[in-house]
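Annotation comment: Swiss-Prot describes Arg37, Glu38, Asp42, Arg150, Arg151, Gly152, His153, Thr154, Glu174 as D-ribulose 5-phosphate binding site. According to Swiss-Prot, the feature Mg(2+) 1 binding site maps to Glu38, an assignment based on sequence analysis. Residues or ranges marked as Mg(2+) 2 binding site in Swiss-Prot: Glu38, His153. The feature site 'Essential for catalytic activity' is assigned by Swiss-Prot to His136, Glu174, with sequence analysis given as support.
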Amino acid sequence: MNQSLLTPYGTAFERVEAGLTAIREGRGVLVVDDEDRENEGDIIFAAETLTSEQMALMIRECSGIVCLCLTDERVKQLELPMMVENNTSANETGFTVTIEAAKGVTTGVSAADRVTTIKTAIADGAVPADLNHPGHVFPLKANADGVLGRRGHTEATIDLMRLSGLKPYGVLCELTNIDGTMARLPEVIVFGKKFNMPVLTIEDLAAYRLAKESNTVTNTTEEVAVIA
């Protein structure tokens, strides 16, 4: 990845902070992974603040496979089985069965219907009966350790939500070019400028977490020493 393209966005720490600010403001964030992995840029929105307009943007500008990133706890709460028992995909992406809201939708495919499905799935009191299967929203189960356990967009999404102080559920979709090819970093940056979305990398987020959590452990150890 050509890191020099990200220089205008500041340091890795500053890029993550800009992303967190955008999430808290209800805006989207663009997250890019490594060249030796998917080498793709995803649009990410917080599930709890997601609007029909934002969903329409993802449907229009992205691959169309809109995914809802969930924690293992939420997947269990909704009793969502994994899509396959033996996951042989290269990156072991944690797809569960697809979902549709049991109430409040028509065909389930419109932007408004997909938002309804997502809001239903992340509601505090959500139960399995609130969802039908199959559907037009693709849930993804995140690694419990976030990007420190798996360098994926799914985990980056959950980490961003948690660090932003929001519910740990987010929506992502892979950004594509007009010709249907996957958007790489140069195209992602152009898109970000057009739609006022900050750009960061999964490695930025991993470094941010390591620094923050290491600092927390150090401070806690010092406090214990003082008390002792």
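Glycine too: its Cβ is placed from the backbone N, Cα and C atoms.
Put simply, Arg151 (D-ribulose 5-phosphate binding site) is 26 Å from His136 (site 'Essential for catalytic activity') when counted between their Cα atoms. In three-state terms derived from DSSP, His136 (site 'Essential for catalytic activity') belongs to an extended strand segment. Comparing the recorded positions His136, Arg151, His153 by how many other C-beta atoms lie within 10 angstroms of each C-beta, the top residue is His153. Reduced to three states, the DSSP call for Arg151 (D-ribulose 5-phosphate binding site) is coil. Asp42 (D-ribulose 5-phosphate binding site) counts 29 other C-beta atoms within 10 Å of its own C-beta, drawing on all protein chains shown.
Other C-beta atoms found within 10 angstroms of the C-beta of Glu174 (D-ribulose 5-phosphate binding site) number 19, with every protein chain shown included.
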